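Feature list (source: Swiss-Prot):
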- Asn15: N-linked glycosylation site (CARBOHYD)
- Asn309: N-linked glycosylation site (CARBOHYD)
- 1-53: topological domain 'Extracellular' (TOPO_DOM)
- 75-94: topological domain 'Cytoplasmic' (TOPO_DOM)
- 116-132: topological domain 'Extracellular' (TOPO_DOM)
- 154-171: topological domain 'Cytoplasmic' (TOPO_DOM)
- 193-230: topological domain 'Extracellular' (TOPO_DOM)
- 252-281: topological domain 'Cytoplasmic' (TOPO_DOM)
- 303-316: topological domain 'Extracellular' (TOPO_DOM)
- 338-436: topological domain 'Cytoplasmic' (TOPO_DOM)
- 54-74: transmembrane segment (TRANSMEM)
- 95-115: transmembrane segment (TRANSMEM)
- 133-153: transmembrane segment (TRANSMEM)
- 172-192: transmembrane segment (TRANSMEM)
- 231-251: transmembrane segment (TRANSMEM)
- 282-302: transmembrane segment (TRANSMEM)
- 317-337: transmembrane segment (TRANSMEM)
Amino acid sequence: MSTNLVDYVDDSYLNQSMNSENGLDSVTQIMYDMKKYNIVNDVLPPPNHEDLHVVIMAVSYLLLFLLGTCGNVAVLTTIYHVIRSSRATLDNTLIYVIVLSCVDFGVCLSLPITVIDQILGFWMFGKIPCKLHAVFENFGKILSALILTAMSFDRYAGVCHPQRKRLRSRNFAITILLVLAVYAFITLCPLLWSFTAREIILYAKETAPGMLTRMKIEKCTVDIDSQMFTAFTIYQFILCYCTPLVLIAFFYTKLLSKLREHTRTFKSSQIPFLHISLYTLAVACFYFLCWTPFWMATLFAVYLENSANSSSVPPVFVYIMYFIHALPFTNSAINWILYGALNGQLQQRYRSNRSNSTKKTTTTTASTALLEKKITNLNTNSNYQVNGSMNSIATAAPTKTIGNNEVLVATSTIDDDVATDVVDVRLLSNHNPTFL
């Protein structure tokens, strides 16, 4: 950041001094009087494409981008095909899956921008794209987690309260999704509003009399004070992580308990309790594994920022943060497998649709063959009747002129069936009647 008079330069990247007493890297700040310089040259640092850790993370992010975008588009296409073919209305489960796939698709769209930012080491797209990037990434990830909570409630209501049909109606699902979207937006509104492309001066040096050269970059980050950011992080941790996690655990625990009770009461029950239990456990654990490290690392980073030894962060922590930051993206990139590809209702509809399509094709083929057979029999009977009535005429007079240039001719006689044909005599060498 710069003013008209002075620039405070964070020289911690290129000119760090070691404090011998506590063994910590101290940040050097240099003050320049900008009135002394007529020329100020701003340069960019070299990119990070030669850093192996950055390259590995960039490749990982790109793989998540391909997996998430292709997978979510495949789920949406399958649902569209099933609904269009069967001409059925959307139920609550498919509505949840559609909205979840759309939100996760938006989250995955932010990954290429993140990769570019990692490789370059700075933000190059300006302030407005920075805010849009924050909306797609942060708002999408939080809303995705809230939708997973709503889906767990939907399954809980279907098993534990089947008599309350309103809880699983389409209108109720749409209302819940709208409420969650507003909730996520209000929760993240201060953060999204404070995101901006912030200027940071890494290094500055007087390269000639009256000339100052600065290494200046932009970073897409929040522009609020430390205490406000700490309070907001804790508040977001409680509302956007702890609350959904507790609700998901509660709903799935109640669901499994109800199914276990049902299988014990009805020994001949056909409910695949073990399969449902493993699937539910996989869904809950996947959510926990993707989001818990992210929030723990975020809280730890806030603690380090507010502690006295904040400059003692080892470089390896930065790469660990990059890896942990990829976990919520992993959640969005794989949700379509757990909630779309493995969705029993969607699979059943898809198989039923394919089966109906196959039956329609078989029925159409059989109907066509039967129609052709009837037409053949009809033609045969018609020929027989005509030939039978014309037999005496053909015997007495082998040919009969129909028009000026046409004659009716007879061929062979086999079992009283006389094949007849009309020949255009203009095609013959002479106009004499000819038996074919």
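A Cβ is built for glycine as well, from the same backbone N, Cα and C atoms used for every other residue.
Between the transmembrane segment (231-251) and the stretches 133-153, 172-192, 317-337, it is 133-153 that has the most C-beta pairs under 8 angstroms. Look at the topological domain 'Cytoplasmic' (154-171): DSSP puts its residues at 13 helix, 0 strand, 5 coil. For the transmembrane segment (282-302), the partner stretch with the most Cβ pairs below 8 Å, chosen from 54-74, 133-153, 172-192, 317-337, is 317-337.
Counting residue by residue with DSSP, the topological domain 'Cytoplasmic' (75-94) contains 15 helix, 0 strand, 5 coil. Ranked by Cβ pairs under 8 Å to the transmembrane segment (317-337), the stretches 54-74, 95-115, 172-192 are led by 54-74. Within the chain carrying the transmembrane segment (172-192), a Cβ under 8 angstroms from the stretch's Cβ atoms is held by residues 92, 95-96, 99, 131, 134-135, 138-139, 142-143, 146-147, 150, 153-154, 166, 222, 224, 232, 236, 239-240, all 6 or more beyond its ends.
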